[in-house]
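Copied over from TrEMBL:
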type	residues	note
DOMAIN	27-408	domain 'Isopropylmalate dehydrogenase-like'
MOD_RES	LYS99	N6-succinyllysine
BINDING	THR103, HIS335, GLY336, THR337, ALA338, PRO339, LYS340, TYR341, ASN348, TYR387, ARG391	NADP(+) binding site
MOD_RES	SER112	phosphoserine
BINDING	SER112, ASN114, ARG118, ARG128, ARG152	D-threo-isocitrate binding site
MOD_RES	LYS141	N6-acetyllysine
SITE	TYR159	site 'Critical for catalysis'
SITE	LYS229	site 'Critical for catalysis'
BINDING	ASP301	Mg(2+) binding site
Amino acid sequence: MDNHIKVPQGEKITMQGDVLNVPNNPIVPFVEGDGTGPDIWKASVRVLDAAVEKAYGGQRKISWMEVYAGEKATQVYGENEWLPQGTLDAFDEYLVGIKGPLTTPVGGGIRSINVALRQELDLYACVRPVQYFPGVPSPVKNPEQVDMTIFRENTEDIYAGIEYMAGTEGAQKMRDFLVNEMGVTKIRFPDSSSFGVKPVSREGTERLVRAAIQYALDNGRKSVTLVHKGNIMKFTEGGFRDWGYDLAKREFGGVEIDGGPWLQLPGGIVIKDVIADAFLQQIILRPAEYDVIATLNLNGDYISDALAAQVGGIGIAPGANINYVTGHAIFEATHGTAPKYAGKDVINPSSVILSGEMLLRHLGWTEAADLIIASIGKTIGQKVVTYDFARLMDNPTQVGTTAFGDALIANM
Ligand SMILES: NC(=O)C1=CN([C@@H]2O[C@H](COP(=O)(O)OP(=O)(O)OC[C@H]3O[C@@H](n4cnc5c(N)ncnc54)[C@H](OP(=O)(O)O)[C@@H]3O)[C@@H](O)[C@H]2O)C=CC1
Ligand SMILES: O=C(O)CCC(=O)C(=O)O
Ligand SMILES: [Mg+2]
């Protein structure tokens, strides 16, 4: 940590064995985020604090500690300081944190700070529950049938960032290695190709699939579906499928149904798999058949936004990045910075509020978390919504970010 970070009164959350030890006034680091991040955080923190106050009457309170990443870090720490070591140290030391979205340029420029945080802290499971709140406008006929939790592998795949731009020395070396040493003949335009590497490991797959199955067991879910493109990428995405099934047999007692490959665990949970493109049409046509989803990093990114759209969009799509072994967790919305709405106090804060709800539940503060869920349901039921829902509803009361937060607090 460093002297840019002001540590508030409070205590650290710690991990004892595999159990989180949560004091009544835990210090929780937060990153406000770029673009609409500050608008959203301002509303969200009030809602989270109000829920805790209402649930525990002052016995419990989060001590929020601001840490910096993205554009604000460059203002506080200086040019090119996008992800200061002090921020990484704070998330490491205080275990559980929350962040707003951070900008990543397309093409050149810095690599994703969001991805870097996940990799640096080894937050291997990106957990994104997708649930429907009655009254939310949806493009599908039966959005209430969508009730899935995505477990997206968060540290491997093409997100490792190993890629070489066409024409550079790196790309030429890759080309020469592949053509001359590996005997590859199928690169269509070798001299003008960029190259990327997609590492997918058995260990990385196993810890992600283990977390997904454990979640299914702990939450009384019906199935875990491994989503992959293993027909084409046989050893990476196909490996993910095979290693996932192996783990389900070895560690969870899965037995083959009708000769496999689908498995049934003692207690009834079904482990199945589906190829990613087919999955993307089936979640629209037959969403009720899918429950917990375990998938690779890039598939999980696409699936997160696609599934969010079915229940109202990424304005209401929370998430968490978790390492279940060390206890480290950073909660964050599925959406990005939505920069065109920055500073306008119009954006929907629900994704970050529901990410905070997940954080509270993770701490074991279920009463406060339940208040938030009930209040979002009630407020949407009253048709008090931000622009993203209002434009698809009949006779809504459209409110801004701050006023939506006020309505949530009033409805607790
Ligand atoms: N984890 C992270 O921090 C992430 C960061 N990013 C980064 O964010 C930046 C912008 O990315 P972009 O592709 O535009 O994606 P965004 O998710 O930022 O926004 C795309 C569109 O989604 C809708 N949307 C997003 N957030 C909300 C919200 N809270 N309430 C209502 N609607 C919302 C808006 O739709 P409409 O225009 O219809 O109103 C918006 O224009 C990029 O730099 C990207 O790298 C992206 C994803 C995740
Ligand atoms: O880091 C980014 O800019 C994008 C991340 C993203 O899309 C996601 O986490 O879903
Ligand atoms: Mg994404």
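Cβ from N, Cα, C; glycine included.
Feature map: annotations from TrEMBL on the structure.
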residue : record                          : Cβ neighbours (10 Å)
THR103  : NADP(+) binding site            : 19
SER112  : phosphoserine                   : 17
ARG118  : D-threo-isocitrate binding site : 23
ARG128  : D-threo-isocitrate binding site : 27
LYS141  : N6-acetyllysine                 : 8
ARG152  : D-threo-isocitrate binding site : 28
LYS229  : site 'Critical for catalysis'   : 20
ASP301  : Mg(2+) binding site             : 19
GLY336  : NADP(+) binding site            : 19
ASN348  : NADP(+) binding site            : 29
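The recorded positions in question are LYS99, ARG391, and the one with the fewest Cβ neighbours inside 10 Å is ARG391. Considering only the recorded positions ASN114, ARG128, LYS229, the residue whose Cα is spatially closest to the Cα of ARG391 (NADP(+) binding site) is ARG128. Nearest to the residue listed as 'Mg(2+) binding site' in space, judged by Cα atoms and limited to the recorded positions TYR159, ALA338, LYS340, ASN348, is TYR159. With GLY336 (NADP(+) binding site) as the anchor, the candidate recorded positions are SER112, ARG128, LYS141, ARG152, TYR159, and the one with the nearest CA is SER112.
Ranking the recorded positions ASN114, TYR159, ALA338, LYS340 by how many other Cβ atoms lie within 10 angstroms of each Cβ puts LYS340 at the bottom. The 6 Å Cβ screen around ligand 2 retains nothing from the recorded positions ARG118, ARG128, TYR159, LYS340, ASN348.
With respect to ligand 1, the recorded positions ASN114, ARG118, ARG128, LYS141, TYR159, GLY336 contribute ASN114, GLY336 as residues with a C-beta closer than 6 angstroms to one of its atoms, given in sequence order. Each residue in the domain 'Isopropylmalate dehydrogenase-like' (27-408) has a pLDDT score, and their mean in this model is 97. Residues from the recorded positions list (THR103, LYS141, ASP301, ALA338, ASN348) with a C-beta closer than 6 Å to any atom of ligand 3: ASP301. Mapped onto three states, the DSSP output places ARG128 (D-threo-isocitrate binding site) in strand.
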